[in-house]
Every structure is written in C-alpha cells, then in structure tokens.
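Only one structure is covered here, and it is reproduced in the block below.
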Amino acid sequence: MSSPNWLKDLTGAWLFYTVFPKLTRINPRFERIARFSPLIGVLIGVLQVSVLILLLQLQWPNESMPFIAIALGLWITGGIHVDGLMDTADGIAAGPSRCIEAMKDSRIGASGIIALTINLLLQIAALFKLRLLILFAIPIASFWGRYSQIWAISHYPYLNKEGSSKFLHKKNWRGFLIESIPSYAFLSFLIFILINIDISIISTPNLIIGIIVGFLPALIIPHLLARRLGGHSGDSYGASVVLVETCMLIIFSIILPAS
C-alpha cells in the first residue's frame, strides 16, 4: 500500500535538511517538504541535546558544550544553512546590481566570512550564558529558525526561478496557514506539556514566553532580508534559518535565568 503524501514529504524533508540516509522504505517526495522543516529542526535540536547529555554523563566539562552543540549542528545539516548565510552576506555586500551573481558564485567573499564569524561568536556567547538551559533552547531555536522559511516562501517573491529551491516555492504551495499546520500542532502540544509538568531547573512561564516570542524574529528577519534582496532565494532561506536561530539563543539568554 502506498504511503500517504505527508509521510513521503516528511521523509523528503529528513533527507533534504540533514546528512542522514533514508531510514524507512517510504519513497521520499520533495514537493512540500518546507512545511516539515520546523519539525526536522526540532529533531536536529533533540539529537544535539542527546549527545550533550551523554557527554555530560561522561564528565565532559560544561564549558565544551557550546562548541560541541554548534559542531553537531553543522555536521547534521551539512552546513546547508550556513552556506546560505555566507552567500547572502556576499550578495548584499555586492549591491543590487550584482547581488544574484555574487550569491551564485561558489567562492566565499570577505563579507561571507565576517557574517559567519560574527554569527558563530554570538551563538557561542549565548550558549555560554545559558549553560544547562541550552538543552531547552537549542531545539526551540532550531524550530523557529526553520519556521522562518515558511513565512519567507509564503510572503516574498522567489529571486532565482531556476534555483535548486524552486520546488520549495510557489509551485506546490498551499498557503501560509495550511503549510503551518504541522508547526502549530507541535507548538500547541509543547505548550500543553510545559503547562502540565514541573521543570526544576527552569522557569516554565519564561520558557513559554520565549517560545511564543520566537514568532517575531521568524517574521522580521526574512522581511529585512527580502527588503535588501528584493525577494528570497535558497541562500537567503538558509540565512534566515541561521540568523533566527542566533536571535532566539540571544533572547533565551536574556529572559531565562542562569542555571
């Protein structure tokens, strides 16, 4: 019996957004994988956190956790979003007339390296501040980072009609609300769980506020990028993911008390 399309899309999202192989006999479909990217983001975050917990049990120092978390994220995703950040930074620096050309160039420019360096330093600083609370912050930041793609795809024109992310864009798009259903279902479930359990190392109300506030950078950052670029491309989708993740880690480091 053929698998439902949503399960095929979920399998496709797993393959596209991570370096992992197909784990089931389900044939992947890629037409509507973007709707599942926030859930894949949560899964990536959970994998990162699981490794961190294991290393903590093996007496690894807390100070090493931010570096390991970032390294794991880069490995699991194959650096696909970070590559988009660097290309987008190079495109913005090149100016409107050469923006697309610079983003397509496989060579990394100075602006791309600077953007990557600043982003990594900010993430490391936020993770050091969060300490053990990174176990909660990383999956949520990963969720909202990828949710920004759904907003960007739905609300802004696609710059490169021949790009590799064309299938993520308008052709198979069902509208912002429809494509957001998996994300809203997950958020509702998560908030319900948090309301009904007691977490000793964290303020549950503050955590819920942080989760809800994530909607703002997930909308604002794609909007700012679209204004500078005139729309979005696969690269700027990746840049949105990385920048929103960083913004969320900073927000959590401010509103969550030190562990």
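Backbone N, Cα and C define each Cβ position, glycine as well.
Look at Swiss-Prot and you will find 36-56 (among others) tagged as transmembrane segment.
Here the transmembrane segment (65-85) has Cβ contacts under 8 Å with residues 17-20, 44, 47-49, 51-52, 55-56, 112, 115-116, 119-120, 123-124, 127-128, 134, 138, 142, 145, 234-239, 241-243 of the same chain, all six or more residues outside its ends. The annotation transmembrane segment is assigned in Swiss-Prot to 65-85 (among others).
Under 8 Å from some Cβ of the transmembrane segment (108-128) lie the Cβ atoms of residues 63, 65-67, 69-70, 82, 85-90, 92-94, 102, 134, 137, 242-243, 245-246, 249-250, 252-253, all in the same chain and six or more residues away from its ends. Feature annotation from Swiss-Prot assigns transmembrane segment to 108-128 (among others).
The transmembrane segment annotation in Swiss-Prot covers 133-153 (among others). Below 8 angstroms of C-beta separation, residues 17, 34-35, 37-42, 44-46, 48-49, 52-53, 65-66, 69, 73, 81, 126-127, 168-170, 173, 176, 179-180, 183, 186, 201-202, 207, 210-211, 214-215, 217-219, 221-222, 225-226, 232, 236-237, 240-246, 248-249, 252-253, 256, 258-259 of the same chain, each at least six residues beyond the ends of the transmembrane segment (133-153), sit close to that stretch.
According to Swiss-Prot, the feature transmembrane segment maps to 175-195 (among others), an assignment based on sequence analysis.
According to Swiss-Prot, the feature transmembrane segment maps to 201-221 (among others).
Annotated transmembrane segment per Swiss-Prot: 238-258 (among others), in sequence order. When Cβ-Cβ distances below 8 Å are used as the criterion, the transmembrane segment (238-258) is approached by residues 41, 80-85, 87-89, 119, 122-123, 125-127, 129-131, 133, 136-138, 140-142, 144-149, 152, 202-203, 206-207, 209-210, 213-214, 217-218, 221-222, 225, 232 of the same chain, each at least six residues removed from its ends.
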